[in-house]
Amino acid sequence: MHTFDRDRRQSVLLTVSQMAEADRLSVVAGVSSFALMSNAGAAVAREIQRRWTPRPLVVLCGPGNNGGDGFVTAHRLAEAGWPVTLAMWGDPSALKGEAKQHAQRWQGAVHTLSPALLEGAELIVDAVFGAGLARALQGPVLETLTAAGRGNAPIIAIDIPSGVMGDTGESLGAVAAVLTVTFFRKKPGHLLQPGRALCGDVVVADIGTPETVLDTLVPQTYENHPRLWLSDLPPIATQDRTPRCAGVLPLDEDEFRQKFAFSGDSLTRTRAAAQSCSRVVVLEGGDTVIAAPDGQAIINSNTPSNRAGASVVSRSIIHGLQAQGMPALSAAAAGMWLHGAAIAEFGPGFSAQDWPAVLPVLLRGLVN
């Protein structure tokens, strides 16, 4: 795989700090923070209206920009005739900047956050905390979100479910959403477990952030997709021509722990392992991470949920691709993605013996 270029923009994942910098650069480029927040809340409201008809809805807001997005969402839905209840954790008068401006446009009551407000709700919007949260949920926030998670009303998260860390996917008390609406680009936490499972469906909304900000940010983390490696793919690779893959080290969790002592989230550990052994490392699992020694990393989002026998198949694919001259990072990413695509297309019974017949079908689909 090559360094970041224009053709790979859609696969970029941004860290929390990079997204904050993207917002700052947007303002420099002439898009106000007020407009970004307005567009974000409007995007959430549109997605809700697209999926559900009007029904009692509760918006749970926090004291920062995520809460500001929630105020916009509540305002837009109320204007459209939805019965909206809004609750906030914290003092509304303490809101600052564009969050304060948007809160002032809300014409309804602002209730104190509590589980009791959820009674009768048929939809719940989680706008309490965004991706930058670094402390465990507690107090009324934890009580209210826990009650929401135990109920039957679908939860829609703004940016990311409150309590999921945007850079790692780790949970600090989060409850599962059925839908997460995030902005401009996904973050690693949308794909890394348990964040991936807690987010539900993830929709990335355009809120006016200029694409040119990516030229300044120079991201190094991507969601696996053929656009990352298709240009490196050999014409046809159907057989494993080598007994081992010298440039790629595929490991499941047990194998990784036996070989490396790194701790932390899967993205951090895989990057550290790749740098320490100067090879592309694949940490296989429900959120497979592929990392290169130079710091580039790819998170696979179509990993089979049932991984019985998966390592044998995916490693065979990687071996065959690299044996035909495909660069190590591209071969690893292509192997993992193609195996996931094969499972999705042909079912969990797919095996290494099926690969020679299946690959041409997948390749034709990619070309078309």
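Using N, Cα and C of the backbone, Cβ positions are placed for all residues, glycine too.
When the candidates Asn65, Asn66 are compared with the K(+) site entry in TrEMBL, which names Asp126, Ser162, the shared residue is Asn66. Site annotation (TrEMBL, ligand (6S)-NADPHX) includes Asn65, Asn66, Gly67, Gly68, Asp69, Gly130, Ala131, Gly132, Leu133, Ala134, Arg135, Ala136; from Asp91, Asp159, the additional listed residue is Asp159.
Take the mean position of the Cβ atoms of Asn66, Asp126, Ser162, the recorded K(+) site; other residues of that chain with a Cβ within 8 Å of it are Leu60, Gly62, Gly67, Gly70, Ala127, Val128, Phe129, Gly130, Ala157, Ile158, Asp159, Ile160, Pro161. Taken as a whole, the domain 'YjeF N-terminal' (19-215) shows an average pLDDT of 98 in this prediction. For the recorded site, Asp126 (K(+) binding site), the DSSP three-state label reads strand. The Cβ of Arg135 ((6S)-NADPHX binding site) has 9 other Cβ atoms within 10 Å, all protein chains considered.
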